[in-house]
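Following: one structure in structure tokens, then a few remarks.
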């Protein structure tokens, strides 16, 4: 049924066909499979706990793959501990605070999590530790520091519970995602592929994390509120308290109107980070690092657009509020330069603006929503005016390669057919035949396999 649905969607959206095929290729053949057992486990479990991040991590420059892979797995393990509502607070809080010490302890392992892959990650955690200890001292220092800061922040909020104010909400998101942006910036600089100026823009790194985290928190309402043995609640009381006495009330269809107003205000709050994300991405110098940063941000804006004024958030399941596979693939393979990023953000902002004016014109937060969208549009239009679109150049090169390979294959068969089997020595005939097929296959590879975009000049914020 899934393949049939994808086939129908491809016919309806033919511009998504090639990106989907490229994504399938990356998923099947782009996975890193180290011979070393411990590294092999790390990349295997990475592909299981996060397919989307796994793809972009494995497309990073070689010197960054292991550090970022381990960084992700360490924080995923920490997040699994925080999310496990079966762990008593008296046990969880010290574990969160001390987790940064566990990442260098070869004997540490534990049972936690509600999904088999997360359980397996923590059960076989010594393999992650083994690879962590092979990283450079600077990389280990960065990962340990961010883990410590995140763990302490998570522990603080075990005590605090539901964030009261938007400031509390921002602080929580800083601890669980903003510091990740800071750590990644430090790893980029430590690799030598990014100038140190990036680490001086900590506020922008923080906005990158907050934009992603808030999108996830909004989308995951239904899953979090129904968590057992106790719900997880991250929406700030300052927002939902305007519309309900309890966050769980939004599940009741009788409260749909209030739920939608609350949801739209939550989306509005997340939108204020988008302009800063564009500023951060304009500072990235290495094209592969750019892809790594840009793709999740584009997906987040797309998902946020789906969440806006969408009551499915409160009725579930989470999969109901998800970008189509074709849309995901198209965004993934067209978010490879600043021109494309400005274009995607502008497109999302313009579509949301139309919905604000038609669907939610009476919404209590719509004026603020439109203000944020106008800022995003202005930043994108200014960015488009000063950057070059090289998308067509890449497409033209790919089409030229595919056309040339096809022409050569056709010419070869026509040539051999005209000559006849006895006019050429068998060796030359066979060589010509297989050489033409090889060139044709290479042309197909050039057309489908993801390329490395050319570096962009750094833009002023």
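Here, residue 1 is simply the first one shown, and the rest follow in order.
Heads up, the Cβ atoms here are built off N, Cα and C, so glycines get one too.
Feature annotations, reproduced from Swiss-Prot:
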| type | residues | note |
| --- | --- | --- |
| BINDING | 51, 76, 219, 322, 324 | NADP(+) binding site |
| BINDING | 79, 82, 83 | Mg(2+) binding site |
| TRANSMEM | 430-450 | transmembrane segment |
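This view paints the features noted in Swiss-Prot onto the structure.
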residue	record	Cβ within 10 Å
51	NADP(+) binding site	10
76	NADP(+) binding site	20
79	Mg(2+) binding site	17
82	Mg(2+) binding site	23
83	Mg(2+) binding site	17
219	NADP(+) binding site	22
322	NADP(+) binding site	14
324	NADP(+) binding site	16
(request) Determine, for the Mg(2+) site, the additional residues of the same chain whose CB lies within 8 Å of the mean position of the CB atoms of 79, 82, 83; present them in sequence order. (result) 78, 80, 81, 84, 154, 176
(message) If you compare CA-to-CA distances from residue 83 (Mg(2+) binding site) to each of the binding-site residues 51, 76, 324, which comes out shortest?
(response) 76
(request) State the three-class DSSP label for residue 324 (NADP(+) binding site), counting H, G and I as helix, E and B as strand, and everything else as coil. (result) coil
(message) Helix, strand or coil for residue 51 (NADP(+) binding site)? Use DSSP.
(response) helix
(request) Round to a whole number and give the Cα-to-Cα distance in Å for the pair residue 76 (NADP(+) binding site) and residue 82 (Mg(2+) binding site). (result) 10
(message) For the C-alpha pair, I'd like the distance in angstrom between residue 219 (NADP(+) binding site) and residue 79 (Mg(2+) binding site), rounded off.
(response) 17
(request) Among 51, 76, 219, 322, 324, the annotated NADP(+) contacts, find the widest CA pair distance and round it to a whole Å. (result) 25
(message) Under DSSP, is residue 76 (NADP(+) binding site) part of a helix or a strand, or is it coil?
(response) helix
(request) Could you round the CA separation between residue 51 (NADP(+) binding site) and residue 79 (Mg(2+) binding site) to a whole angstrom and send it over? (result) 17
